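*Asks:* Features from Swiss-Prot:
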type	residues	note
MOD_RES	Met109	methionine sulfoxide
REGION	67-264	region '10 X approximate tandem repeats'
REPEAT	67-88	repeat '1'
REPEAT	89-110	repeat '2'
REPEAT	111-121	repeat '3'
REPEAT	122-143	repeat '4'
REPEAT	144-165	repeat '5'
REPEAT	166-187	repeat '6'
REPEAT	188-207	repeat '7'
REPEAT	208-229	repeat '8'
REPEAT	230-240	repeat '9'
REPEAT	241-264	repeat '10'
SIGNAL	1-18	signal peptide
Amino acid sequence: MKAVVLAVAVLFLTGSQARHFWQRDEPQTPWDRVKDFATVYVDAIKESGRDYVAQLETSVLGKHLNLKLLDNWDTLSTTFSKLRADLGPVTQEFWDNLEKDTEWLRQEMNKDLQEVKQKVQPYLDNFHKKMQEEMERYREKVGPLGTELREGARQKLQELQEKLTPLGEDLRDRAREHVDTLRTQLAPYSDDMRQRLTQRLEALRDSTTFADYQAKASEHLKTFSEKAKPALEDLRQGLLPVLESLKASILSSIDQATKQLTAQ
């Protein structure tokens, strides 16, 4: 299972680098993407959660039970923010170490990508050239038909459509042929890249780096657990006033209902 987790993590990291290698953009680290998503998600939950709490407190049941949930909601939000802040550096350190430990693998994969790119570039250039020629050929055949339409008005529109249909179908069929040819030409290189990636992952699995990573991952989980304990305890303490208030309100309502039944 650990090997699967590591493989996915490596693919995630190298995949990100490979995508930016082709696009030539500045890569965003995996932790940055996680932080961006988590921040937006948590902020949305905080806002929507406060709305739900306000609705519950102002409802008939909330008024009857004399709930004071909003008094504690801001405290809970602060507690969640503190929890996120406390655990953030630990996770950041983990991603930094993982990126550093797999830097050699990313470099090897980038070399492989560069080599494959150089090999397939002639096929891509030829494909682009063929498609340009097909489009020029199509324009040369369609151009006179446009002139004919302008000169012949509406009655020739149907004739123009009949003439354009086979031309469009011919262009489509020839384009498909070029795409199929390109796919056939690139297939060996795709298989080669897949085989290279498999070899890199097998080498990683058999290397001492993998054993070191397992030890570091265990250490990280232990540190994460130790860091999380006080933060989770703060969260529990923040929840206690809400639970106690709700418990007291419910017991009070039950007591009042019992007295009313006894009086009857």
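Cβ atoms are placed via backbone N, Cα and C, with glycine included.
On a predicted model such as this, the values are computed, not experimentally measured, just so you know.
A description of the local structural setting of each listed feature is requested, covering burial, neighbours and distances.
*Replies:* Within 10 Å of the C-beta of Met109 (methionine sulfoxide) we count 23 further C-beta atoms, all protein chains included.
Confidence for the repeat '1' (67-88), expressed as mean pLDDT, is 62.
The repeat '6' (166-187): residue composition by secondary structure is 22 helix, 0 strand, 0 coil, according to DSSP.
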